[in-house]
Each structure stands twice: as C-alpha cells, then as structure tokens.
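According to TrEMBL, the feature active site, proton donor maps to His22. Annotation comment: TrEMBL describes Asp30, Arg107, Tyr129, Gly130, Asn131 as substrate binding site.
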Amino acid sequence: MLKTISPLISPTLLKVLAEMGHGDEIIFSDAHFPAHSLGPQVIRADGLSVSDLLRAIIPIFELDSYAPPLVMMAAVEGDTLDPSVEARYRDALSLEAPCPDIVRIDRYAFYERAQKAFAIVITGECAKYGNILLKKGVTP
C-alpha cells in the first residue's frame, strides 16, 4: 500500500494515470459501456461506482485547465437524464477545487472520443448515461 493513495485505485489504474500526459483522456464508464470493442486499453473496476473512483483519483489527477476537461454523453433524443448522476460526479470532483463545467456530447461523438482515449475504466456503475471523460492537465 502507498500512503495517501486510495485502495480503490488498482495498481493498473495507478500506472495508467502516471503514464498519461497532459491532454490525454481517460473514460470512467458504466458497466454497460462497449469498452472492449472501442479499442483502447481497458481496466476493470467491477463493483465500484464512478463517483467513488472519481473521489479516489481527483487528489492525484490534475484536470486540464486549457480545454474542457470533463465530458459526458448527452441523452438520446426522446430519452431523459437523471440529474443526480452528474451531481454525484460533480460532488466527487469538487473535493480538491471547484468542479469545472461538464460538457455534454452526443452518443456517437462520445464513442469517437473513447476510441482515442488513453484508457477506459469499466466500473460497476449502473446509472444510465453514467460515463465521464476526464482530460489530464499539466501537473503544477
């Protein structure tokens, strides 16, 4: 174990977070996200919620301050979003600093971003539209 590193962060996830450069993106996905068919490295975090993982990584992960660092999937036409999902994520991300705005993009644009992501972390999250992309910033 390492001091100040949450036990929710697996060795594989810690390695990926350390290897990412500024501008690289990582997806924390719900359990239903098609991560394996999209191409990037997939990390399993079964049984953990996205908000718990966000709370665990935000003390050691710098968000980008030059481009929108948070992206979520917009609801498909005719569907609705549960505002509590974004609220949970914002609460988790605001532990270190005020949470930046979350940009919403359509489903297929989100999949395209996921294909180019450094990694996708599949969680046990069951919330609809429970996926979030984080863009890494420059560590001060």
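Using N, Cα and C of the backbone, Cβ positions are placed for all residues, glycine too.
Within 8 Å of the centroid defined by the CB atoms of Asp30, Arg107, Tyr129, Gly130, Asn131, the record's substrate site, lie the Cβ atoms of Ser29, His32, Phe33, Met72, Met73, Phe110, Ala127, Lys128, excluding the listed residues themselves. Close to Arg107 (substrate binding site) in the fold, though at least 6 residues off in sequence, lie Met73, Ala74, Val76, each with a CB less than 8 Å from its CB. Rounded to a whole value, the Cα-Cα separation of Tyr129 (substrate binding site) and the residue listed as 'active site, proton donor' is 26 Å. DSSP assigns Arg107 (substrate binding site) to a helix in the three-state reduction. Among the binding-site residues listed here, namely Asp30, Gly130, Asn131, Asn131 has its C-alpha nearest to that of the residue listed as 'active site, proton donor'. Put simply, the two farthest-apart Cα atoms among Asp30, Arg107, Tyr129, Gly130, Asn131, the recorded binders of substrate, are 14 Å from each other. Under a cutoff of 8 A between CB atoms, and with a sequence separation of 6+ in the same chain, the neighbours of Asn131 (substrate binding site) are Ile27, Phe28, Ser29, Asp30, Phe33, Val50, Met72, Met73, Phe110.
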